[in-house]
Amino acid sequence: MSEIRLYVTTTEKDAEAILDLMTLAFEEDDLAIATTEIDEKKDIWEASVYLMGNVEHEVCGRLADALKSGFGHLSIHREVIPDIDWIAKSLEGLKPVRAGRFLVHGSHDRDKVQPNDIAIEIDAGQAFGTGHHGTTAGCLEMIEQVVRSRRVRNAMDLGTGSGVLALAVRKLKPVPVLATDIDPIATRVARDNVRRNGVAEGIMLETATGFHSTVFRKHGPFDLIIANILARPLMKMAPQLAAHLAPGGSVILSGILAAQRWKVLAAYNGAHLRHVRTIWRNGWVTIHLDRP
Ligand SMILES: C[S@@+](CC[C@H](N)C(=O)[O-])C[C@H]1O[C@@H](n2cnc3c(N)ncnc32)[C@H](O)[C@@H]1O
């Protein structure tokens with residue numbers, strides 16, 4: 001089932017007022033709502049509500065009702081948010097990928113590794129994460145910066161896929177890493193990959209949905225938490241993720257389209273984390289936040 005965005009186009013001032021109306025109308029429904037700047041010079045903004053296709057009719061009716069008080073003249077538009085086929089994305093390219101000092105390559109490209117590279121060997125397979133996607137590459141770059149500049153004594157990689165990001169942390173620094181995924185196939189693939197890269201003893205793999213496992217409490221709190229999932233689940237997880245972060249710790253988030261970044265930042269600011277830096281890659285953003 002696809003995700004739908006219902007939105008109206010308006011000015012910045014009216015978008016704020018509409019956001020308040022939407023908040024009132026949908027606060028019980030757990031629907032994401034947002035305003036986005038479309039054209040700064042012309043003062044064009046969009047106010048949107050995101051929902052799953054099965055409730056579209058009902059939500060559209062309630063949105064129209066909410067807009068009646070002052071904004072009934074605005075047309076409601078709809079956009080289908082494309083489903084992302086993560087596996088197909090990860091198979092997009094099989095050439096080695098460079099991100100910072102990391103070189104992510106398949107077994108057929110071992111001869112491409114240069115003396116100063118930090119090589120991560122991953123064959124494209126049943127789990128996402130060969131380094132070709134902008135989110136993975138952005139996380140790799142950010143991991144290098146954070147691990148070099150901050151005190152990282154342990155780390156966690158939520159939604160590990162192929163295990164590429166957990167491998168990156170462990171290859172930079174011999175700290176314990178907990179890597180989890182909702183998908184048991186991904187955890188199996190990641191286990192093969194950490195063995196193949198010779199770092200199996202430092203990376204603990206677990207199948208878990210979000211933070212629903214005792215394993216997080218047992219191994220946390222963490223100095224570094226990385227989660228490359230998608231904006232919506234990341235926003236929902238903000239309080240739990242922050243609760244597993246050690247004082248002074250860092251969070252790296254990705255899987256976020258550029259237009260979604262404000263919503264995600266708002267959710268994490270609400271969990272008392274502070275924005276440090278954003279990396280942009282192919283329309284996706286990777287965000288570093290910390291706990292001051
Ligand atoms: C975009 S892939 C990222 C893979 C890898 N970390 C990377 O950066 O290339 C997202 C991964 O998160 C997993 N995932 C999605 N929702 C999750 C959840 N609620 N809890 C744990 N893992 C989840 C998916 O199964 C998938 O393997």
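The backbone N, Cα and C atoms fix where each Cβ goes, and this holds for glycine too.
What TrEMBL records for the S-adenosyl-L-methionine site is THR136, GLY159, ASP181, and among ASN54, ASN116, ASN228 the residue it adds there is ASN228. Apart from THR136, GLY159, ASP181, ASN228, the residues listed for S-adenosyl-L-methionine, the same chain places the Cβ atoms of PHE128, GLY129, THR135, CYS139, ASP157, LEU158, THR160, GLY161, VAL164, LEU165, ILE226, ALA227, ILE229, SER254, GLY255 within 8 Å of the centroid of those Cβ atoms. Residue with the densest Cβ environment among the binding-site residues THR136, ASN228: THR136, by other Cβ atoms within 10 Å. Annotation for GLY159 (S-adenosyl-L-methionine binding site): same-chain Cβ neighbours under 8 Å, separated by at least 6 residues, are THR180, ASP181, ILE182, ALA227, ASN228, ILE229, GLY255. In the three-state DSSP classification, ASN228 (S-adenosyl-L-methionine binding site) falls within a strand. Under the DSSP three-state reduction, ASP181 (S-adenosyl-L-methionine binding site) is assigned to strand.
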